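**Q** Pasting a structure below so you can have a look.
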Amino acid sequence: MRKLNFSGAAVSLSVLTTVMGQCILSGEAVSARTLLLQGLPMALALAVISRLLALAEVEQGTFSGNTFCSKLFCLLATLWFGAELVETLGQIQTLCWEQFSSMALVGILPLLLWAGWTLEPGVFSRSAGILWWAVVLAAAICFFSLSGQLHWENLFPEPEMTGPMQLPIYAEFFALPLFFETDGQKSQRHWVLPFAAFLVQALFAFGREAVFGPAHGLQGLELLRAGSIGGIARFDAAFLLVWLAAALFRCGMLVCTLRVLLCRAFGCGEQEVPE
Amino acid sequence: MQLSEHLETNLTALNARLGSSADFYAKRIELYRCRGAIFLFDGMASLESLWELLLDAASRQTPPLLSGQAAPGGERVYQLLWEHSALPAESAPVEDWESLMQRLTAGMAVLLLDGCAKGIAFSVQSLKYRSVEEPSGEGNIRGSREGFCDLLRVNLSLLRRLIRTEALVMEVRQGDCEMKTEYAVCYCKGKASPAAVERVKETLRRARPQMLLDSSYFVPWLFPCRVRTASPVGYTERPAVAAAKLCEGKILILVNGSPSAMILPTLFCENFECLDDYAQPAFFASFLRVLKYGAFYLSIFLPGVFVCLAVYLPELMPPQLLFKIEAAERATPLPLFAEMVVVILLLEVIREAGLRMPQTLGHSVSLVAAIIIGDAAIATGLMSTPVILIAAVASIAVFVVPSLYEAATIFRLLVLLAAGIAGPVGFVTAALAVLLALTRVSALGVPYCAPLPFPKTGISQDGVTRRTYRTLSARPFTIWQKRRKAP
């Protein structure tokens, strides 16, 4: 039976990409204060749940597909990951259409599904490190392009009335042992994933508040657009292209995961392909 | 088929097989009063050596025949010659036709005697071959100037001279092809993975190439796949490089008649390394490697990025640059994307023409291509200067890493087409496809792009940058083990 052996870099890149996508496309602003007061405890609670679930899942073999319960869990996970795939594709399409006036995703989609279905999990793991460097480089350029526009006095204004914040919850948080099947220790180590997601949200929230001030309803994209170095502006496009690559990578990875889950849920025997 | 005891039968059979060949030499002789015949191929074996080493010595030592004593038979003479320590006889007798042909085509002379079903092969080769010269395709400033030549045995001796330990194993086999070409599998015992060596030997044993003219002919058997964008093997014509790779636990395949040695498995990052790297200071070698990586990615992505920006995202360009491109493009009839495709294909045609044609004409072609075509295309307004500049930079940049030429050319066209047709989304998809195409390749269980856990070892000890050779030598590296972090 094919086993998923993604690297930590691949799983974290996949999750953080969709968090970034939400931050970029969403116009709902959460103040930095709310984020710290509500988001931090929520992320902590989520991390603890993730850790405990990972322990239990490893012990019970939840995603092994050997028992009826396990098959049922695989089917449920398939639905959840399927929904995430659709959500990520939606994010990509929104971004492509709004920013590049392109419907190219329609043409790319079959290719993407085929790649995700046929490629080995190791391929995604090996690609993740390189994509991470691209993301970090693009983020660093965007950050430095904002120098001079960050008004730190804008942070933490007078307490305002804001509603409860929503911390994004992804299937990956609760299915860590599925991604690291060949190394059980890895799933124990990656329980901090909800914190990483929180950190990305916090960076966007802090940045928006520092640049635009407390009261605004601008998309995270506007934060990227605000940067400039010398006469060169529009670093947002460079960042969006890198994000797009990471989002396509996430789609491929999700398809790869769905293939394994479907096989386990419906009990189709699949031979592991030697490299 | 076994040889016959009767000399006449053997002679008739050999004449039937090789008699019509102009280079086949057969001569009846008498040794120790026994009838026999020597066979060789003219130009491959030396008659002078054969005379000095065998015939002269044997005729001088022929014992007188006493009255009533019968002349010694073929078996007796065979024994006399076989035990004669001064003769350059091969250690194994020639017993069948296949073995006979093997020896003859290896440049040996074979002696057959009447009354004996075995022959003796004498090492009197005088093969003409290209001398050991510096390979033209792999330049370096420091280190050995020697290059492999075309003869397998000479190449093996060059390797043996460099690795003077019993660890070096060089197994020679005959390929299952029409020409029965010999090849050698070389590895260092204790460093190469025994399982990998066995797998390679077994694969090569089963391979059925129609012809075997170079080690690269084995690639489809070693790594079967429908579309190969990158091969996890490297090639070298330098014995010094080959010896270094053998010491890293890699396996070397040499084929008779080709100076090109195949190294497997090879990592992607090794394409950016050269002999000079280790002779230069670490910081300078690292600087050059970073430049090489930059040049490689430039050669793949630059035309695609240019088309994508100029056609789909002009607002991302600085205004001055955009105005210049716009002015240049206004004067040309073709769209920018089509122009770029035409120029890139034209450059490939020019490169191929320069490579294949006689060297005496090569300079003329380069001159015509560079000055007349380029200048005329711009002057007549068929092509714009920015497009030619970008295509030329991309084409030149790839020569910094010549071993990745094929992959870079295919990837460049793929990225360009995707960017031209689908804009930024197509460009990103093509870039991701390039990344996945490189990372999906692996050989003998070793991934072509080693997994680098982010961000710990993105820049490894001997990867994009390298540490001092003293530090690297403290922990000798083999491809089958993970390099640990230096203290």
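We count from 1, first residue shown onward.
Note that Cβ sites are derived from N, Cα and C of the backbone, with glycine treated the same way.
Feature list, courtesy of TrEMBL:
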TRANSMEM  A:102-119  transmembrane segment
TRANSMEM  A:131-152  transmembrane segment
TRANSMEM  A:192-211  transmembrane segment
TRANSMEM  A:231-249  transmembrane segment
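Describe the structural context of these features.
**A** Here the transmembrane segment (A:131-152) has Cβ contacts under 8 Å with residues 9, 13, 207, 210-211, 213, 223-224, 226-229, 233, 235-236, 238-239, 242-243, 245-246, 249 of the same chain, all six or more residues outside its ends.
Sequence-distant contacts of the transmembrane segment (A:192-211) (same chain, six or more residues past either end, CB-CB distance under 8 Å): 11-12, 15-16, 19-20, 23-24, 29-32, 35-36, 39-40, 42-44, 46-47, 50, 146, 149-152, 154-155, 167-168, 170, 172-173, 176, 218, 220, 222-223, 226.
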**Q** If we skip the immediate neighbours and take only residues 6+ beyond the ends of the transmembrane segment (A:231-249), which ones have a Cβ under 8 Å from one of its Cβ atoms?
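**A** Non-local partners: 13-14, 17-18, 20-21, 24, 88, 91-92, 95-96, 99, 108, 112, 124, 127-128, 131, 134-135, 137-139, 141-142, 145, 221, 224-225.
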